[in-house]
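K.L.:
Okay, here's the structure, questions in a sec.
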Amino acid sequence: METIWIYQFRLIVIGDSTVGKSCLLHRFTQGRFPGLRSPACDPTVGVDFFSRLLEIEPGKRIKLQLWDTAGQERFRSITRSYYRNSVGGFLVFDITNRRSFEHVKDWLEEAKMYVQPFRIVFLLVGHKCDLASQRQVTREEAEKLSADCGMKYIETSAKDATNVEESFTILTRDIYELIKKGEICIQDGWEGVKSGFVPNTVHSSEEAVKPRKECFC
């Protein structure tokens, strides 16, 4: 029997090169840390694609399309083309790299510019919290920035799996709640949110994916 999913969300992962975006995605989608010498942790060239189903409520699954973007400047033109069709994003910095934190606002402003006229929901992620002894960014600083920018904040580690599952769950649930409120809508020509596959026998979930007659976006 085919897997049931009520929505598909396209999420983008952005931030400076070497902050660990690819390792986070490997941990979330494959349940493992690829290791620093693995090609999986090499800087991304262009954009890589991952996917996974996430159950946010009993019997309600969201299909996540996850786009891992290159942090290097020479690939930014490729990255920008993916903003517009994303409903959510992980803004990742390395807590042991001050510069990556200082660039967060630049990434955010760029994303807001290219996502127009659609809405994108962000989660600020302080990665590599297993290296707390090498921390260059305090939790208080990161929490203040996230509050100023209207985002939630979480610290993660792909190496020991700290808060990896939680971070994807938080962002997915936030988007799902906004859809239920009518603040994010399925729209023709936009790939950010799509209705999912629901067998005819599952009437309760079927109702959840019917397009709204009104949209308050």
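Each residue, glycine too, has its Cβ placed from N, Cα and C.
Sharing the features that Swiss-Prot gives for it:
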type: BINDING; residues: SER17, GLY20, LYS21, SER22, CYS23, THR44, GLY71, HIS127, LYS128, ASP130, ALA158, LYS159; note: GTP binding site
type: BINDING; residues: SER22, THR44, ASP68; note: Mg(2+) binding site
type: REGION; residues: 39-47; note: region 'Switch-I'
type: REGION; residues: 71-87; note: region 'Switch-II'
type: LIPID; residues: CYS215; note: S-geranylgeranyl cysteine
type: LIPID; residues: CYS217; note: S-geranylgeranyl cysteine
type: MOD_RES; residues: CYS217; note: cysteine methyl ester
K.L.:
By Cβ count within 10 Å, point out the most packed of the binding-site residues listed: SER17, SER22.
P.N.:
SER22
K.L.:
List the binding-site residues among SER17, LYS21, LYS128, ALA158 whose C-alpha is within 10 Å of the C-alpha of ASP68 (Mg(2+) binding site), in sequence order, or say none.
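P.N.:
Near ASP68 (Mg(2+) binding site), where near means Cα within 10 Å, the binding-site residues are LYS21.
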K.L.:
According to DSSP, which kind of secondary structure is ASP68 (Mg(2+) binding site) found in, if we only use helix, strand and coil?
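P.N.:
Where ASP68 (Mg(2+) binding site) sits, the three-state DSSP reduction gives strand.
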K.L.:
Find the average pLDDT over the region 'Switch-II' (71-87) in the predicted model and report it.
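P.N.:
That region's mean pLDDT is 68.
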K.L.:
Between LYS128 (GTP binding site) and SER22 (Mg(2+) binding site), how far is it from one CA atom to the other, in Å?
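P.N.:
The separation of the Cα atoms works out to 12 Å.
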K.L.:
Ranked by the number of other Cβ atoms within 10 Å of their own Cβ, which of the binding-site residues LYS21, LYS128 ranks first?
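P.N.:
Per the Cβ count, the most surrounded site is LYS21.
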